[in-house]
Amino acid sequence: MNMPNERLKWLMLFAAVALIACGSQTLAANPPDADQKGPVFLKEPTNRIDFSNSTGAEIECKASGNPMPEIIWIRSDGTAVGDVPGLRQISSDGKLVFPPFRAEDYRQEVHAQVYACLARNQFGSIISRDVHVRAVVAQYYEADVNKEHVIRGNSAVIKCLIPSFVADFVEVVSWHTDEEENYFPGAEYDGKYLVLPSGELHIREVGPEDGYKSYQCRTKHRLTGETRLSATKGRLVITEPVSSSPPKINALTYKPNIVESMASTAILCPAQGYPAPSFRWYKFIEGTTRKQAVVLNDRVKQVSGTLIIKDAVVEDSGKYLCVVNNSVGGESVETVLTVTAPLSAKIDPPTQTVDFGRPAVFTCQYTGNPIKTVSWMKDGKAIGHSEPVLRIESVKKEDKGMYQCFVRNDQESAEASAELKLGGRFDPPVIRQAFQEETMEPGPSVFLKCVAGGNPTPEISWELDGKKIANNDRYQVGQYVTVNGDVVSYLNITSVHANDGGLYKCIAKSKVGVAEHSAKLNVYGLPYIRQMEKKAIVAGETLIVTCPVAGYPIDSIVWERDNRALPINRKQKVFPNGTLIIENVERNSDQATYTCVAKNQEGYSARGSLEVQVMVPPQVLPFSFGESAADVGDIASANCVVPKGDLPLEIRWSLNSAPIVNGENGFTLVRLNKRTSLLNIDSLNAFHRGVYKCIATNPAGTSEYVAELQVNVPPRWILEPTDKAFAQGSDAKVECKADGFPKPQVTWKKAVGDTPGEYKDLKKSDNIRVEEGTLHVDNIQKTNEGYYLCEAINGIGSGLSAVIMISVQAPPEFTEKLRNQTARRGEPAVLQCEAKGEKPIGILWNMNNMRLDPKNDNRYTIREEILSTGVMSSLSIKRTERSDSALFTCVATNAFGSDDASINMIVQEVPEMPYALKVLDKSGRSVQLSWAQPYDGNSPLDRYIIEFKRSRASWSEIDRVIVPGHTTEAQVQKLSPATTYNIRIVAENAIGTSQSSEAVTIITAEEAPSGKPQNIKVEPVNQTTMRVTWKPPPRTEWNGEILGYYVGYKLSNTNSSYVFETINFITEEGKEHNLELQNLRVYTQYSVVIQAFNKIGAGPLSEEEKQFTAEGTPSQPPSDTACTTLTSQTIRVGWVSPPLESANGVIKTYKVVYAPSDEWYDETKRHYKKTASSDTVLHGLKKYTNYTMQVLATTAGGDGVRSVPIHCQTEPDVPEAPTDVKALVMGNAAILVSWRPPAQPNGIITQYTVYSKAEGAETETKTQKVPHYQMSFEATELEKNKPYEFWVTASTTIGEGQQSKSIVAMPSDQVPAKIASFDDTFTATFKEDAKMPCLAVGAPQPEITWKIKGVEFSANDRMRVLPDGSLLIKSVNRQDAGDYSCHAENSIAKDSITHKLIVLAPPQSPHVTLSATTTDALTVKLKPHEGDTAPLHGYTLHYKPEFGEWETSEVSVDSQKHNIEGLLCGSRYQVYATGFNNIGAGEASDILNTRTKGQKPKLPEKPRFIEVSSNSVSLHFKAWKDGGCPMSHFVVESKKRDQIEWNQISNNVKPDNNYVVLDLEPATWYNLRITAHNSAGFTVAEYDFATLTVTGGTIAPSRDLPELSAEDTIRIILSNLNLVVPVVAALLVIIIAIIVICILRSKGNHHKDDVVYNQTMGPGATLDKRRPDLRDELGYIAPPNRKLPPVPGSNYNTCDRIKRGRGGLRSNHSTWDPRRNPNLYEELKAPPVPMHGNHYGHAHGNAECHYRHPGMEDEICPYATFHLLGFREEMDPTKAMNFQTFPHQNGHAGPVPGHAGTMLPPGHPGHVHSRSGSQSMPRANRYQRKNSQGGQSSIYTPAPEYDDPANCAEEDQYRRYTRVNSQGGSLYSGPGPEYDDPANCAPEEDQYGSQYGGPYGQPYDHYGSRGSMGRRSIGSARNPGNGSPEPPPPPPRNHDMSNSSFNDSKESNEISEAECDRDHGPRGNYGAVKRSPQPKDQRTTEEMRKLIERNETGPKQLQLQQANGAGFTAYDTMAV
């Protein structure tokens, strides 16, 4: 083994360990570049990081340096931190990241750890402050409040107990009582209840009432923000005192307080006693046992026994004593308060560069409280220094690096860093060249060379096996320095021996470092061990020694002790290279002689011994000078004992690091023995205070211990203050400094008054402050002069105090430099000047800068008065004159200067009156005035007083307005509008008031009313109407003349706007106004407001009045009705309430209607049960009976809709007894027993049991089971002439029923004829077979005969007698009903029975007659057909209006009469009835045609209706007569006579009010058009009138041309033939030319023109199937001979010029003939009305006589929204797709027969005409698209949500106009959803149908019977159908309603825009449209489109339509 090499390896290992321990101290010593620096923290993590496991946390650490430092996170023990997957990560930017984690993943070593951030670069390392990381796992916790026991009258403290695991994160935020009292922290401290800063609830002076409350605390988690109430409620247990008791303190519960600075804290003193004790708090003076009372102020308060400190400061820290006393005893408790201040540290200087060997000093400057430890680190390693100042006496290379100062306490830490750089140039030694290991033979010489470099130049030394080599005869060391500065060293060994072998080392060393090199020199030879010197080592250290072996080769090296080879214990380690290591050396076990033995392979060995001496270092025992501080003059001593350590020991003492010399400064040092030193101080003084240190030293080491000696030193002056004098205005400073221990507190006080004695604290202000005992007074003034006391107190002795006088030397001063003084003219005046300052002071007076000498004017007198503060001088003036208005100046002078003051003397008088009063502006309530300012009397005008009054009042009854004197304009407010006022003004100054100005008169303007209508009452009239009544506002608030009222209403609790109606003012004094609001929703709350208006505007809205309409009946039945059979006589019925919106009221009860199903038709047999719950049990029912049940809800309005019938059957039960029993003798041994079934079988009869028993003997009863279908039993084997008793029972599955009556029979030879069957009633169904039994017995065999209705029966094809005697009737008919009797007869006897046969057949047509009519009801009388035999269950009454759909009503069979109510007034109706029974519905009666009473409105006389003024016209609508039908509304339009366009004024004027048309021009002719509406129609009236002139006069009538008669016209023409003939001829030529051109063009485009234009063709009309897309290409192209459709924005209608074709005898292109005969109405297809005789249809009929087939022009006309001549406008595809057009399905085509027109007998085919379209201004989504119930049609009905009363007529009006299309046809109702243009809304049939002639002739009849705005809808407006896609809007038009014209044609210009707007549709709340009588399946839009395509392209369908005369319906081009 190569021993030298091994030893070299181990030495290198130890060197590496040493290098690691030294950190980075072997870095290059070259001074860094200027921009290079060590690390410095930019962002240091905070001391504590608390986070929730649900949020996680990121800790950021940033540092700067050059090069950029590396960030490493370490634990508190210095080990590096790594990633823990999912729990802890270190991001690339140096952040320590804790992701959110689950509770079960919590790890304490990760989540509850102290971390630090380490930043390092090549210049050093720094470590951040400690980062205490604490993750909080969200845990459920509950806070508790316990009972607290308290004696009445004492204070109580209730604690909120928070579990410890969340206590650090949860705080109390409030307290709550069960009486809803809430208390929060930070409230005032003078209340009974106080929440302390620490969270407790403090209750002072507890009384009995406090014991009744319960208390809960609310806590908040500061990490999660969660708040919660305590789980328990605490109470106070209040004890009544029985006897006196001393105070008792429970101090164990409360811990010392630690609070952050500027936070609030409470120190508790929980004591109780009786009587209630008093509390007093003291604070101990720091370091002493003395205490002083706590001074209470705004910051420190005492509440009962609790001391509350707000905004705590560090000075508040200390020990507090609470002393509690009452009349019985006392107690006290101490509490320590620690106020912490955040720690911070700073090292001065932060960077310093120090040359080698020079000292370096770092000072750690820190703040905060408390400071527990101060420590220093270098490059992240502790250096064991705990003083604030770190001093390095001689800087070495290894001292360079980063130094840190750490300050710590229990809560936090802080650090500061500084860098020490080395100055100059330092190059550590470097071995540049060295010797290598060598093996050689003995003899030759050896030369070892070592070359080293460095700066400064190193010195090289040599060692052999760790022992320095010195020169001798064989070893020579030499060295020199090369020119490069390297040192070359040689070791010469002469004649090397074997003993010279070993480990040679050269060491290059300079003051900046060491470098070394070692290598083995192996010399062949025997083993040799060089002598080893004695080794001394300190106990506890590690011994490392290497055996110095020579010789080569060496086989082994071992160590021995006491001849035992080592190791012999765990502490010893032996290495093959000869190294011995002993750890933790101890004297007793390790001090010995160790032997090293070296051997070679030949067995030669060498031995060498090493003596190891273990030295023990000294150890000093702790000592102290006592716990409390000593006083001056006391004796102090301390013993320094060193129990351990080798002798000799040196023991030294130091004070504050300075050595203590025996006998100096009062110190006595006594060496009691070798190990003890005594320190004595005979008399303590301030010098002796400090830190004492005892230092014990021996060769093994040093030990020390420090103890502090506190000496209480009373204050002594360092600088005692003396009297001072300062110039006024200067900054004064008076020093007062004292020394002592504890450090004295220096305070200043000022004497109260002018003499010393009583002093008060100086108030802190901006100019007075005390800093470190020095009093500073900035800008000192005379007020600061006086005696001051400086006091220094530290609690030792009585303290020091000094009284000084501070004088302020001031020149004279006037406190008031300038003032005004006034005097009334002629009165005396005194002017005074007071000068303050050092006396003597002289004062002179000047007047207007001229010396005033009283001698020159005896009116002036000057007097002086000496004051304590100065001099007062007075100038008296006996009588003031105008000339005395001047500037007087007094000048004061003393030795220090002078000052002056001025008095502006003003002699005053009253002002003159204002003038030039003018009115600048006026309004209804104010007037703006201006005036000229008058002479002010040499005194500023204080104010103007504006006086005003009403013109009729006197000036003693005035109002005033005060105006500032500096203005000449003002506004007088609070005037009443439209009132005359007189106004004047006066001026006023301090002297008096002027005279009044001249008055002006004004009249205020009118304003809108300011008052609200009064006494508003809203009462429901019925379910849809409410009456509103009110009275006018107070007369004073009219502000003019009230013209009317706006009454607004809306649904309550909605954000919709009010809908207003206008009511004219009633002039009668005190009369109540009223208005009925109609068409409201049932049982809906409405809000009503009213405002009055005059010509200026509307007044304020009244307060909302809310009212419900009357309750209605529920419109929907209860849902989810179900029944459950409980027993044989009970059924449970359950249901769910109807939807709330359909209840229409408050549901009070539910009614259950029930009856057996077979009696359900009979109303009289139905039973009713009321209940308030949602289920009920029906009792007392028939057993095993099927019941039918319905449920309905009932409100105050009545019964609601019944639910769909449900059925349940009761359970079976045992049957009743058979109804009757017969026993018939059949022979001498047989009897036939027959019976009738039980009347109530109560189930299905399973069998009968016949019981028989012989009479007179105790024989057992015999039984015989008989099947259920057998009604007789033959008993045989009976004894002759022996009576037998028989009875029968019936059985069901439940059991056997009751027994029948007993009957006795006796067998006999005589068998008379008897019939076993019973009389019965048989019911047969129409056309079915019937059989009636007649079972007979007898001997001889009886003869059976039958009689029908008393007539003997003879057999025929339908009737015959069966062998068993039964009568069989086949195919029963109605005539078969009646009595059937069967007769049986033999020679002995005869018998008979009678059956009744009832034939069930559908009822025949009943008789319907009209009994009575009213305006809204018809009364019909119903009578069944005489031929009905089957019971009639009831009637179905069918009725419909002329243009409506069929409606039905069920009528009870018992009702003789029936009222059809809710009909339209003055309308035609059709009525018929059908009967029904349990077979079904019967035949229909004849149709009854009738009408309700009433007519259209009737025109009034013009004078009674119109009242004209200059700018308005009043309309008295009460002058109109309603024709018997209530008026619904009026439409008012007007225009000037010379204008064409009508202007709509209102389209919804209520009939009960007057109406005023405003804003007319005076002296102008106007046309007025009034359209009056009721349900019978409308009437139009036009009036001409001229407004009056401005003065009220009339204007001359207009000049109208005289009307010309026919004769006049002919005469004019004949007299101008020379002009007429050429004109006529020219016109004829032009017309002929146009006709020829048209014919030629039509031939070239025959198909296209026919398709587009010739739509009025007759039965052969068709559409070119080759061009189905023609409409799409062209849109709509107007035919050449027709007026074009209107351009959007134009003002004329196209409908008036379009010609209409007529079918029948007229040509296909005939124009409209106004004289043509009926029917002017194109009737609608009606549902099939059954004709008498079961004729349900009519296949063909000559309809041409009555009907025509309208073509495309007829259908298109109403819309008038098409594009011009092929011009196409792209529509919104989403809207265009929503609307399709469909052809009519002809009445004759298809399997469904056509239907007659509405007013014709059934069976006549008809074609349904389309509804005219209309347009109006855009309205949002007003109409919905509907699909009809049958056919292919599109229906528009109002959207149900639309509810605009401004455009809605009454509900009945629109029901009145309903039209139906069931089986086909096109039906349009209403405009598109967005355009609602009145320009095109007149229905064609009314425009042209009844204008002239016909049954409804008269020029205005198209407004007549049906009104121009006849609404067409599929079903009643009460029940609109289901919504479907809305149609697209038509092209836009001009929205200017004022310029629009309904129509420019003469034929139809009477219809107005108002009519169109008026008829937009019923209100949305009218409900759903009813279905047609015979509905077909609804089709989707896509299905309809496919159907259209099929119809258009199908030849068969077209041919069929041609054959049947089918025309094409107009296409809805609104979708183009």
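We count from 1, first residue shown onward.
Glycine is treated like the rest: Cβ placed from N, Cα and C.
Small disclaimer: the values here were computed from a predicted structure and weren't measured.
Here Swiss-Prot annotates a disulfide bond for Cys694; of Cys640, Cys736, the partner residue is Cys640.
Looking up Asn1022, Asn1654 in Swiss-Prot shows the N-linked glycosylation site annotation sitting on Asn1022.
When the residues Asn820, Asn1922, Asn1939 are compared with Swiss-Prot, the one annotated as N-linked glycosylation site is Asn820. Checking Asn492, Asn1991 against Swiss-Prot, you find N-linked glycosylation site recorded for Asn492.
Cβ neighbour count for Cys364 (disulfide bond): 24 (other Cβ atoms within 10 Å of its Cβ, all protein chains included). Under DSSP, the residues of the domain 'Ig-like C2-type 4' (342-421) split into helix, strand and coil as follows: 3 helix, 50 strand, 27 coil. Comparing Cys506 (disulfide bond) with Cys890 (disulfide bond), their Cα atoms are 104 Å apart once rounded. Restricting the average to the domain 'Ig-like C2-type 9' (812-904) gives a pLDDT of 89. Looking only at Cα atoms, Cys736 (disulfide bond) sits nearest to Cys269 among the disulfide-bonded residues Cys117, Cys160, Cys217, Cys269, Cys640. For the domain 'Ig-like C2-type 10' (1312-1394), the number of residues in each DSSP class (helix H, G, I; strand E, B; coil) is 3 helix, 44 strand, 36 coil. The two recorded residues, Cys890 (disulfide bond) and Cys1334 (disulfide bond), show a Cα separation of 156 Å.
Counted with DSSP, the domain 'Ig-like C2-type 9' (812-904) comes out as 6 helix, 56 strand, 31 coil.
Distance between Cα atoms for Cys61 (disulfide bond) and Cys160 (disulfide bond): 38 Å, as a whole number. Within 10 Å of the C-beta of Cys1334 (disulfide bond) there are 25 other C-beta atoms, taking all protein chains into account.
Of all Cβ atoms in the shown protein chains, 24 besides its own fall within 10 Å of the Cβ of Cys160 (disulfide bond). In this structure the alpha carbons, written CA, of Cys450 (disulfide bond) and Cys790 (disulfide bond) are 78 Å apart. Taking the C-alpha positions, the distance from Cys160 (disulfide bond) to Cys269 (disulfide bond) comes to 17 Å. Of all the disulfide-bonded residues in the record (Cys364, Cys405, Cys640, Cys790, Cys1382), the one with the smallest CA separation from Cys117 (disulfide bond) is Cys405. Counting Cβ atoms from all protein chains shown, Cys322 (disulfide bond) has 25 others lying within 10 Å of its own Cβ.
In this structure the alpha carbons, written CA, of Cys322 (disulfide bond) and Cys364 (disulfide bond) are 38 Å apart.
Spatially, by CA atoms, the disulfide-bonded residues Cys217, Cys405, Cys790, Cys833 include one closest to Cys640 (disulfide bond), and that is Cys405.
Cα of Cys364 (disulfide bond) to Cα of Cys217 (disulfide bond): a span of 46 Å.
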